Amino acid sequence: MFIDLLLLVTGLVLLLGGGNYLVQGASALARGLGVSPLVIGLTVVAFGTSAPELSINLLGAIQGNGEISFGNIIGSNIANIGLILGITALISPLVIQSVIITREIPMLIMVSVFTVIAGNDLFLRSSANVFDRSDGLVFLLLFCVFMYYTVGDVLRKKHDPLMEEAEEFAGDNSLRGLFMNLGLVVGGLAALVWGGKLSVDAAVAIAQALSVPEVIIGLTVVAIGTSLPELVTSVMAIMHGKADIAVGNVVGSNIFNLLLVNGLCSAVRPIDVPSAGGLQDLLMMLVLTLFLLPMSITHGRKIVRWEGALLLVLYLAYNGWRVMV
């Protein structure tokens with residue numbers, strides 16, 4: 001137990017250091033490339049901070065640990081909105097860009113609705129609640145569509161809002177500068193992934209020693225642990241005045257989790273939705289996702305502190321209920 005606690009602390013230190021370097025490198029990389037930090041947040045940072053979910057769940061799918069995979073994927077999305085956006089909005093109100101409201105949030109809502117439908121036999125008249133291989137292929141196809149519209153539009157459309165905003169950024173676009181900034185991003189991501197793995201492994205070992213059920217470990221301990229990179233990155237981004245990276249990281253990471261992580265895992269091996277509370281988890285994820293739209297278009301397109309507090313309270317209350325039942 002003592003060694004596990006020591007590994008947990010070591011992992012948290014790596015997470016903090018990695019998150020700091022990642023935000024600094026991503027911001028400088030965006031300036032050097034002449035693009036908005038939002039684009040970097042939705043793509044590079046979101047993909048990097050989703051790496052723990054991808055590695056853990058692919059391994060779980062191969063080993064047949066479907067309940068941990070389900071709890072981790074859905075639990076991470078719940079944590080990203082309730083815990084991470086809640087905490088970051090409490091630190092500082094989050095300004096939401098119009099492109100997030102018109103494109104990324106609707107995409108996340110659509111994907112979340114599809115996930116609930118695919119995992120519920122009441123809709124599909126299936127004999128079991130499961131994400132099968134055909135669901136996984138659809139998720140992966142939608143992921144390609146998301147990347148096409150996120151990155152492709154920025155590169156092709158001269159008057160894209162992200163490109164117009166990017167004119168404000170002028171950084172070191174020399175080859176040496178770009179490689180240095182990319183090195184900060186890669187190094188920060190490596191520290192995040194390593195720190196996340198150490199933290200999750202130690203937390204799972206501690207939870208198992210305390211006889212916590214597997215699905216609860218996946219929904220809470222593993223989900224929160226694999227969301228630590230997003231949490232640290234978002235908090236660091238807010239502290240550096242980069243709300244674009246914080247918001248893009250959370251929204252992009254949730255889309256990556258459902259489409260790329262869930263898609264790959266389901267394609268490798270079908271993921272069963274746990275009979276005890278699985279559908280409730282899906283619905284909670286959908287409810288929190290739906291909250292994003294009205295929160296984003298009110299208060300001058302800001303998620304203000306009381307809304308952050310509401311998200312955090314909902315997250316804590318739901319997880320408390322899941323642990324008790």
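Positions of Cβ are set from backbone N, Cα and C atoms, glycine also.
Record features, source TrEMBL:
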DOMAIN    5-150  domain 'Sodium/calcium exchanger membrane region'
DOMAIN    182-321  domain 'Sodium/calcium exchanger membrane region'
TRANSMEM  38-60  transmembrane segment
TRANSMEM  81-101  transmembrane segment
TRANSMEM  107-124  transmembrane segment
TRANSMEM  136-155  transmembrane segment
TRANSMEM  175-195  transmembrane segment
TRANSMEM  202-225  transmembrane segment
TRANSMEM  245-265  transmembrane segment
TRANSMEM  277-297  transmembrane segment
TRANSMEM  303-321  transmembrane segment
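The stretch in closest packing with the transmembrane segment (277-297), judged by the count of Cβ pairs under 8 Å and taken from 81-101, 136-155, 175-195, 245-265, 303-321, is 81-101. Pairs of Cβ atoms less than 8 Å apart link the transmembrane segment (245-265) most often to 136-155, out of 81-101, 136-155, 175-195, 303-321. The stretch in 136-155, 175-195, 303-321 that contributes the largest number of Cβ pairs under 8 Å to the transmembrane segment (81-101) is 303-321. Taking DSSP states H, G and I as helix and E and B as strand, the domain 'Sodium/calcium exchanger membrane region' (182-321) has 117 helix, 4 strand, 19 coil. Remote same-chain residues near the transmembrane segment (303-321) are listed as 78-79, 81-83, 85-90, 93-94, 96, 219-220, 284, 288, 291, 295-296 (criterion: CB distance under 8 Å, separation of at least six residues from the stretch ends).
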